[in-house]
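Below is one structure; the comments refer to it alone.
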């Protein structure tokens, strides 16, 4: 008597996991991107030709709108960090966002110790750094949010453990970006200049390290 055998599961295509991960990252970026239209509108209303001196002449109102839009544009890296931390982790809660915030604040302060020789200002990877820190918070949350510590450290078990991990991750990322971003940023600027020197086609693909 023969026994029926279950059909073999189809082999997963090479690279399917990478594609799935990239799609997940793309979806997680939708939340912070949703804030950009508001930032753009507020900044536009703060221009001189709208409510300012060459427009309606309501300078104080224009100043208010300009500051409101600047609050979002000046903190894009933080917005992307928190948005990605929430969107990338499965079944995440507020802990993921809080852990991302902790890591980002540490990372940002560590970067102040690395001053660019070109600009004289601290190295600033911009949105890229926020995305990296946010992804790290999401990954650490998924992996360790059920971790149990010894009884004498029981208070820090589970979700409370993630902000602690992220504080150390923030130090590591701050040092890495501080040392590595200078040459990377210079390379992106040189690449941007090279593209721009190749006419309209190159200018269309121009990239800037300040926009990363």
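In case you wondered, yes, glycine gets a Cβ from its N, Cα and C as well.
Annotation comment: TrEMBL describes 16-212 as domain 'PTS EIIC type-1'. Taken from TrEMBL, the feature transmembrane segment applies to 64-89, 96-114, 126-141, 161-181.
Only residues 6 or more beyond the boundaries of the transmembrane segment (96-114), in the same chain, are considered here, and those with a CB under 8 A from a CB of the stretch are 77-78, 81-82, 84-86, 89, 122-124, 129-130, 133-134, 136-138, 140-141, 162-163, 165-167, 169-171, 173-175, 177-179, 181-182. Within the model, the domain 'PTS EIIC type-1' (16-212) carries an average pLDDT of 81.
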